[in-house]
């Protein structure tokens with residue numbers, strides 16, 4: 001009968017060699033479990049090795065071993081644990097647990113610091129990209145919206161309206177200066193909008209007049225200059241809500257211009273109502289720096305106004321385009337228009353008969369003289 005001490009044990013755990021990547025400064029426990037044939041004169045003992053060097057129960061390595069019976073009397077289950085304190089780079093390596101002629105191993109690898117650096121750099125790069133994108137959005141949002149509107153927006157040219165915007169303001173000197181010396185030159189000269197100006201009350205007594213209805217029907221947008229003088233009107237304080245609903249029926253998303261210096265009347269009912277209904281109106285704020293053409297005020301106002309379509313002018317004059325940029329009046333023996341025959345080689349100097357005789361009569365007279373000769 002063969003000696004049980006020579007029988008090779010079975011590895012229950014781990015089933016194969018393992019590769020672990022613990023962090024520096026941590027503690028890890030390695031576990032080996034064998035099933036072995038048991039006899040009293042050859043008790044099983046698991047040995048631990050690090051890089052092929054035998055380990056003892058040292059301060060860095062805590063070795064524990066337990067036994068229990070197997071399914072039969074001659075079988076014993078042996079389990080051993082090895083505690084490893086990873087305090088330095090030297091603590092990493094290959095740990096092998098061996099029982100008789102059978103062994104399995106654990107390879108402890110250090111996490112690549114370069115990988116951490118790359119991960120941190122990638123995170124910082126993503127954060128930087130998001131920050132730059134947010135800044136670009138804040139800075140260029142209006143420009144992008146204007147570009148998209150001018151490129152793909154709806155064209156409102158064939159709607160039968162004569163004006164792009166109807167501007168309502170009071171007859172106060174400040175409002176007249178603002179409209180005639182700031183709004184009108186910028187919108188008409190720089191952007192080519194056609195404006196209809198009116199310094200009368202836009203909604204006196206909260207009921208639109210026939211003139212107002214007619215004027216608004218001829219304009220694509222309504223611009224209301226909410227100056228101090230405008231807000232001081234009695235109907236603005238008491239009937240503005242009713243007037244606003246009527247304006248919304250007459251005009252598509254009216255534009256209201258407020259001023260930064262109106263902080264003392266910020267509690268005005270009209271201003272509060274407009275702030276509450278920003279989704280149906282366009283509320284713009286004029287600041288001292290808005291006078292520059294590149295300010296956000298003009299971009300927002302331009303965005304709220306209809307899209308303008310600019311056609312390229314043809315390079316040549318319509319009169320000379322069919323003649324290859326040559327004046328047909330100066331073209332020898334050429335038709336005035338392409339496809340027409342050239343001039344008659346013997347033209348009639350008086351086709352209408354204004355000189356007293358027709359061309360046919362002159363030819364007859366010339367032939368008669370020839371016969372006499």
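Here the Cβ of each residue, glycine as well, is placed from N, Cα and C on the backbone.
Here TrEMBL flags 345-355 as compositional bias 'Acidic residues'. Taken from TrEMBL, the feature compositional bias 'Basic residues' applies to 362-373. Positions annotated as domain 'Ig-like' by TrEMBL: 9-109. Under the heading domain 'TIR', TrEMBL lists 161-305. TrEMBL lists 319-373 with the feature region 'Disordered'. Residues annotated as transmembrane segment in TrEMBL: 117-138.
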- Query: Would you list the DSSP helix, strand and coil counts for the residues of the domain 'Ig-like' (9-109)?
  - Reply: 3 helix, 58 strand, 40 coil
- Item | pLDDT averaged over the residues of the domain 'Ig-like' (9-109) | 86
